[in-house]
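Worksheet: the structure to be examined is printed underneath.
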Amino acid sequence: MNISILGAGAWGTALAMSLAERHAVMLWGRDAAVMQAAQQARENAVYLPGFRFPDKLLLSSELGAAITHAGSDGLLIVATSLAGLRPLAMQLKPYAIPNLVWLCKGFEEQTNLLPHQIVHEILGDAIPAGALSGPSFAQEVARGLPCALAIASDSEALRERVVHAVHGPAIRIYSTDDLIGVEVGGAVKNILAIATGIIDGLGLGLNARAALITRGLSEITRLGVALGGRAETFNGLAGMGDLILTCTGDLSRNRKVGLGLAQGKKLEQIVVELGHVAEGVRCAQAVRQLANQHGVDMPITNAVAAVLFDGESPRDTVKRLLSRESRDEIA
């Protein structure tokens, strides 16, 4: 199958490397200088250093070439950040898009839209489209280590196409038609990873970490159901699976934000050290607003937003969380 991956960051590069072993894959990046350097070195030294490209992997900085490569029955996979999805979708608008899948997670700043809502707004809803999500660190995928992902789409044909293209020795693919549930799980888990980083950074122990992750999953489920997702989706790869990895993995950028906040660092300093804003930071304000709009109780999410945007100290915020009255666990 012809596959074009649009976005040459760490995750897009890792997936391109994995799929190039079995398919005709082109990796597109908007920065011509970065792509030329990657072509010459056969390595993405900027975003995924130390991993040599398969010989068959094609690279380009020409969007038209990437779309032509995918052809009428191939697959376009968008691997930009969520902030890059709207401008890229605008660039795709003049083209005939065959099948579209995105990897980005979150709610768009200002609009509070999920990725599929952005895509439908710009490209319409006639294109077979969906989200590929789940617990996956780019470095491990690039190393060929096993992982499992979920493809979510209203189109059964697209789900089958993605399973055919991506499912293989190192990547298992499970399919669902709950696009909203998968996208909400992928978005909110980043906020909870910041909370887990705060817990770990304050030295509050593994018991507290486990409690936070568990109660965090309840928050994700409540919001997801309120927005139209199905409760059972959040027990799967895009919910529980992604949450566990992002909250506990040492490669998690969002967890690093929480660790930095617990150490007394300012958010601006943490962003400089990371080199970019973690998606949980972008997402926290949107989720707080959505929870208020839909009357969803999300104390952990609200606590993270208070630390990020309202000037609360991590330690005081944790004390406030722990002072909440007891309640039924399943509610």
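Please read every residue number as a count from 1 along the shown chain.
Just so you know, glycine gets a Cβ as well, placed from its N, Cα and C.
Together with K105, G134, S136, K189, S252, R253, N254, the sn-glycerol 3-phosphate site in Swiss-Prot holds one more listed residue from D125, D242, which is D242. NADPH binding, as stated in Swiss-Prot, involves W11, R30, K105, R253, V277, E279; the candidate among A65, A70, A138, A306 given for that site is A138. Within the group of binding-site residues (D242, E279), the Cβ with the highest number of other Cβ atoms inside 10 Å belongs to D242. Note on V277 (NADPH binding site): other Cβ atoms within 10 Å of its Cβ, all shown chains, come to 15. Its own atom aside, the Cβ of W11 (NADPH binding site) has 23 Cβ atoms within 10 angstroms in the protein chains shown. A distance of 15 Å separates the Cα atom of A138 (NADPH binding site) from that of N254 (sn-glycerol 3-phosphate binding site).
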